[in-house]
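Participant: Grabbed the feature section from TrEMBL, which reads as follows:
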- 92-110: transmembrane segment (TRANSMEM)
- 122-141: transmembrane segment (TRANSMEM)
- 161-180: transmembrane segment (TRANSMEM)
- 186-206: transmembrane segment (TRANSMEM)
- 215-232: transmembrane segment (TRANSMEM)
- 244-267: transmembrane segment (TRANSMEM)
- 279-301: transmembrane segment (TRANSMEM)
- 341-361: transmembrane segment (TRANSMEM)
- 368-391: transmembrane segment (TRANSMEM)
- 397-417: transmembrane segment (TRANSMEM)
């Protein structure tokens, strides 16, 4: 720590009178270590006053005596804090863009993967659920052997991952149950309540405080997505003939999924305290969360199978036929053109997407990650409207799609309008949630 000192001249005059002259006394010392031999020294060798010199009076100065200390450490800390904040924001923007691209790719590749797997979507879903457990734990094992994942990270309480897995499994059950009864265009519209659930759970469980522009921005984003998705459909008749139970079930499904993401964010925050500032590796959360989700899905498997019209006694033969179509071998491979390339591309993209979105939750928040994913919805609709390999027939989008997309972008801009305040933001503030 360096200091700069500034000392003002003292005022030695009394009552405005002229300061008296000052005489400076020069004292000569005679000491053996000086090597002097002065015959004028007194007998005891302690020295004597040799002469006097008159010094000009010190003039009166306008400022009183001051002693000022200025520390450069405060400036250095401020500069360092601003630099770290800028780097953090740049990292959030980068990973938001990566998550957006992977989210669009995930939706597009899933649509393409269903071209050969059109009769086996349930097989593809279960392949993701159980296959990812093996993949994530393999990566976790290698990172632990390399020293990236420490024993302290693995000692994080596992009951939280059990809650995450249970909520995600319940979300799958509620979502599949309601999706079987709801018209197609209504499903993504009702799923937009996911963002609103996250805002509520984030404030309730994490104590975050959201300003008016962030709440309004999220509402505009959801409204823009609904407008874009509902374009060209008969919105007034969309839910006609459908009971109130199934839309509520879809909304509850979004609540389960939103609760799981908020608990993941809490796990990262709590782990930073337990690990004394060190960030928890995302593969610890991915691995144990996926493991417990697979466990609960396995418990619900007979029920899920029946929802898809597959009796439990026919499930083994269905899985065998689905594997044959996935690998494009055997008698079940008829009509499975594009396998295994398209399903594998979807699986690889989906793994990268899950890693990216969890990393975004880790460095920012669950709400920011959801905004990046929500932005992918109209982008995906536009891409799927174009002629694609295996999907050569494009569609024409209505003007409402463009209108909804504009509302969505305005919502994102409003969410990221900086708020200037004289008060300091606490750890629960929403000031650390900006993505732009």
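Here the Cβ of each residue, glycine as well, is placed from N, Cα and C on the backbone.
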Participant: Given the transmembrane segment (215-232), which of the listed stretches 122-141, 186-206, 279-301, 341-361, 368-391 has the most Cβ pairs that are under 8 Å apart from it?
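Facilitator: Going through each listed stretch, the top one turns out to be 186-206.
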Participant: Could you check whether the transmembrane segment (92-110) and the transmembrane segment (397-417) come into contact, where contact means at least 3 Cβ pairs under 8 Å with the two residues of each pair 6 or more apart in sequence?
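Facilitator: These two stretches do not touch.
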Participant: Do any residues, 6 or more residues outside the transmembrane segment (368-391), come within under 8 Å Cβ-to-Cβ of it, and if so which ones?
Facilitator: 92, 96, 99-100, 103-104, 106-108, 111-112, 115, 188, 192, 194-195, 198, 218, 221-222, 224-225, 228-229, 258, 261, 338, 342, 357, 360-361, 397, 401, 404-405, 408, 412, 415, 433-435
Participant: Under 8 angstroms, Cβ to Cβ: which one of 122-141, 186-206, 341-361 has the largest number of such pairs with the transmembrane segment (279-301)?
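Facilitator: Of the candidates 122-141, 186-206, 341-361, 122-141 scores highest.
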